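So that you can see what the record holds, here are the features copied from TrEMBL:
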- 371-391: compositional bias 'Basic and acidic residues' (COMPBIAS)
- 30-108: domain 'RRM' (DOMAIN)
- 110-192: domain 'RRM' (DOMAIN)
- 206-283: domain 'RRM' (DOMAIN)
- 354-391: region 'Disordered' (REGION)
Amino acid sequence: MDKEGDGDGPEDEEEKRKWEELLALPPHGSEVFIGGLPRDITEEDLRELCEPLGEIYEVRLTKDKETKENKGFAFVTFTDKEAAQRAVEDVQDREYKGRTLRCSLSQTKHRLFVGNVPKGLGEEELTNIIKGKGPGVVNIEMFKDQHDPNRNRGFLFVEYYNHACADYARQNLSSPDFKVDGSQLTVSWAEPKGSTDASSAAGQVKTIYVKNLPENVSKEKIKELFDKHGEVTKIVLPPAKAGHKRDFGFVHFAERSSALKAVKGSEKYEIDGQVLEVSMAKPLADKKPDHSHRSGGGPSYPLPPYGGGGYMGDPYGAYGGGGPAYNQPMIYGRGPAPAGMRMVPMVLPDGRLGYVLQQPGGMPPPPPPRRGGDRRDGGRGGEGSRRYRPY
């Protein structure tokens, strides 16, 4: 990777030495992740495995903080990208001491997002500012205002030679003492350029959902099953609800590419004779609906109690635990309820659940008619009772 754009560097001798040290470190793309390693492997074993592929700069064998035992994966940094690529091709799927190894490029962060940029600054001015705050600037992506080409859009992306250069620049650019035309820049790590759906929540998911797990399976057993695809950072097994068995869990990977490998259709998983179902986990944004707007366009109101004694009987089965999932109720009218009035739910003529204004102490809306004369109790109590399903 070309380290263009460093110019003459800083004038301060100490700062100049620091820049030289950062540029002497291996470039981005020279580190690989190796998974599926035997638990008794040593750093020397890893060096023997990888040295034929190129000069090694560093080996990091990951160990448990408490037990000090190997976690079964490691990171190997070569002095150049070509050696790392050879390692991926050579080590991937290699049989080693009875284990099948997995190897992929480590996605270290080396790209910054810089926001709150004064829009009146030109390309040359911004370039000089960015290059003056850290070495190894490889590329600066600037965006011009569509209506005025002489102005920028207030943000840019900067790619660096390696993670160390990017981190050094990140600290300098985000320093409280550093301002550009009186503006404090906002600086954060950016997604790798060209990453798939990087801007969407789903495109950033690194977690898989695993179903049909044996009831007493351990996290260690699950991890051994999936760490062949890449570094596993966490296993989550939610507690079972009272009276129910827990048969699912979540596996968190360090990289999205590892999660995608794990859910490939060609992969089959089995624990204690049970075949597992695996899929990408949904981001929180997809799991929790937005309650700020209803289908009727009105604001959200809390569910009101009847007569001060709580919601009466939940006759429609639309609220509370275990009820079926219906569409959000309609709300007629906008703004808060007038003084002396409260919002109460009722079934609308089209079958949807809505709210109407009612004076306190008034009669609650009658339950909907039963279908086909079917005499069933609409409440929750009582043996054999069933909820009415308006949809």
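Every residue, even glycine, has its Cβ placed from backbone N, Cα and C.
Because TrEMBL annotations are produced automatically, they should be read as predictions rather than curated entries.
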DSSP residue counts for the domain 'RRM' (110-192), split into helix, strand and coil:
20 helix, 28 strand, 35 coil
Going by DSSP assignments with H, G and I as helix and E and B as strand, what are the residue counts for the domain 'RRM' (206-283)?
18 helix, 24 strand, 36 coil
Looking at the domain 'RRM' (110-192) alone, can you tell me the average pLDDT?
92
When the domain 'RRM' (30-108) is classified with DSSP, how many of its residues are helical, how many are strand and how many are coil?
22 helix, 30 strand, 27 coil
